[in-house]
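Novice: Summarising the annotation, Swiss-Prot assigns ATP binding site to GLY119, THR120, ASN121, GLY122, LYS123, THR124, THR125 and lists sequence analysis as the type of evidence.
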Amino acid sequence: MKNISDYRNKKVLVLGLAKSGVNAARLLHKLGALVTVNDKQQFDDNKDAQELLADGMRVITGRHPVELLDEHFELMVKNPGIPYSNPMVKRAEALHMPIITEPELAYQVSEAQWIGITGTNGKTTTTTLIGLMLNQQRPHHAFDAGNIGIPVSQVAQKVGKDDTIVAELSSFQLCGIKTLHPHIAVLTNIYEAHLDWHGNRANYVAAKMRITMNQTPDDYFIMNWDLPEMHELAKQSKAQIVPFSRKNAEGARAQLIDGWLTFDGDRIMKASEMQIPGLHNIENALAAIAAVKLEGVGDDAIREVLRTFSGVKHRIQYLETIDGRRVYNDSKATNVEAATVALNAFDQPIVWLAGGLDRGLPMDALTPLVKKHVKSMVVFGQTAPLMAKIAKDAGVPVQTTENVMTAVPLAYEVSRPGDVILLSPAAASWDQYPNFEVRGDDFIKAVNQLKATVESGDK
C-alpha cells in the first residue's frame, strides 16, 4: 500500500456503513484520519457501528443530523447507495466539501493497476471471468473487488504494484470518483436501470461513462458494439476503443464468428464449450477475452476458465435438481433486461418466480417472453400486481404470495419433471430485503428445505 500522509489528522465523515463504509472507515483510521461515522441504523442493532466504536472511532447513529456538518469536516466518504438528494449530502455540497465514494479512496491508496468494469448487466460475471483468466496465467495476483461484494478499500491494503485490481463499479460508485483511472475500462451494456436514483436516463449514462473520464490514449475502453448508442458514447473517451460483438458488428476485435469466440480474427474456442448458459454470457465472455488479451493472457488460460466456470452466485446460478426440476437462482436480476436474459437462456418450460420493488417502470415488454417461455408464475412484492397482469395478458397461470420463501413450494407444486424453476425477480429487493444477496440466500434456503422435504417423501 502507498504511504499516504494526506489523510493524517484529516477530519473525515463516513456517511453510511454496510461493507463499503466499514472498510473505508477502517482504512481512513489506519491512515491517521480523524474519523466520524454516521449511520442511520440504531446503535443497539448496529454491529458494524459497535465494532468501529470499539476500534476508537467516533460513531453517531440513528439518523443523519445535518447539523453534524457544522463541525467543518474536510472530506465526506459517502455510501454509494445514499443519493445526492439526501439532505446531508446536499448540505455538504453547499459547503463545497469534497464528496467521494469508497472506490475513489481505495484508488488513492493503491499501487496496483486497475481494470474497471461497469454496465447495467453482466458486470459481476465479466469481473469474475477477467480475474480468473488473469490468475490462470500471470505470476502476479489479480484481485476481484468492488460492487462484486468485496470492498475495494479492503483489497487496496494488501495489493502490490505488480498486482491488478479488477473492480466492478456501479453507477452509484462512479458518481463519487475524482481521480480513479483504470488502465482498462469495460462497459458491458447500458439499459434502463436505477432511474429513480439518477433522476433520468441521461444522468445514468453519464454516471456509467465516468469510468473512462480519467483515461488517456495509453489506456483501453472495451465497449459493446452491438448497441448503437455505444458508437456515439465512444467519442467521449480519450482511450483506445476496443469493441466486442456477438452479432458480427463491423470493427469489433472480440467477436462471435460462426459459433467461435475470437479475438482479432483468431479462433479461441467454440461458444458451445462454455459451462455457463445464455447468449448474454457469450457477451460477458467476449468482454473478458478482450480485457485479458490486452494483458497478454494466452488462449489456454481463457479456454480453461470458460470450460469450467459454472457461474456467479445469484446470477442464473444453478442450485439443485429436485425430482427432475432444475432450480436456478437469478436474484441479481433487478430489472426487466436482466430477467429477459434469464428467460431467454432456457429451452425448457419455466416456472417463473418474480417481483420486488416497484420503481414505476414499464414491464409490459415481458409479456411476449412469458407467452413464449413460461408455463406458470409465482409473484410477490410491490410489483406483484404488475407481474400478475403480465401473466394474465400472456395467458399463463399465476399465484401471488408473500415472498421468495413462500414462493418456492408453490412453484414446485405447479412444476413437472423437465421444467426449470427460476427466480429472476425483474425488480430490486429493497421492498422486502436489504439487498439482492439476502433475497437470493432466502431462496437458496427455501430450495434446500424443499429438497429435504421431497427426498423425505413428505411431498
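Each residue, glycine too, has its Cβ placed from N, Cα and C.
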Novice: DSSP on LYS123 (ATP binding site), three-state: which is it?
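Specialist: Reduced to three states, the DSSP call for LYS123 (ATP binding site) is helix.
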Novice: Enumerate the residues of the same chain, GLY119, THR120, ASN121, GLY122, LYS123, THR124, THR125 excluded, that satisfy the criterion Cβ within 8 A of the mean position of the Cβ atoms of the recorded ATP site; list them in sequence order.
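Specialist: Neighbours within 8 Å of the Cβ centroid, excluding GLY119, THR120, ASN121, GLY122, LYS123, THR124, THR125: ILE117, THR126, THR188, ASN189, ASN284.
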Novice: Within 10 angstroms of the C-beta of THR120 (ATP binding site), what count of other C-beta atoms is obtained when all protein chains are considered?
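Specialist: 20, counting other Cβ atoms within 10 Å of THR120 (ATP binding site).
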Novice: Let's check the environment of THR125 (ATP binding site): how many other CB atoms sit within 10 Å of its CB?
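Specialist: Summing over all protein chains shown, THR125 (ATP binding site) has 28 other Cβ atoms within 10 Å.
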Novice: In sequence order, what residues of the same chain, 6+ apart, have a Cβ less than 8 Å from the Cβ of ASN121 (ATP binding site)?
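Specialist: In sequence order, the residues whose Cβ lies under 8 Å from that of ASN121 (ATP binding site) (at least 6 apart) are THR188, ASN189, TYR191, HIS280, ASN335, GLU337, ALA338, VAL341.
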Novice: For LYS123 (ATP binding site), what is the tally of other C-beta atoms lying within 10 angstroms of its C-beta?
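Specialist: 28, counting other Cβ atoms within 10 Å of LYS123 (ATP binding site).
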Novice: Looking only at Cβ atoms, how many others are within 10 Å of the one on GLY122 (ATP binding site)?
Specialist: 25
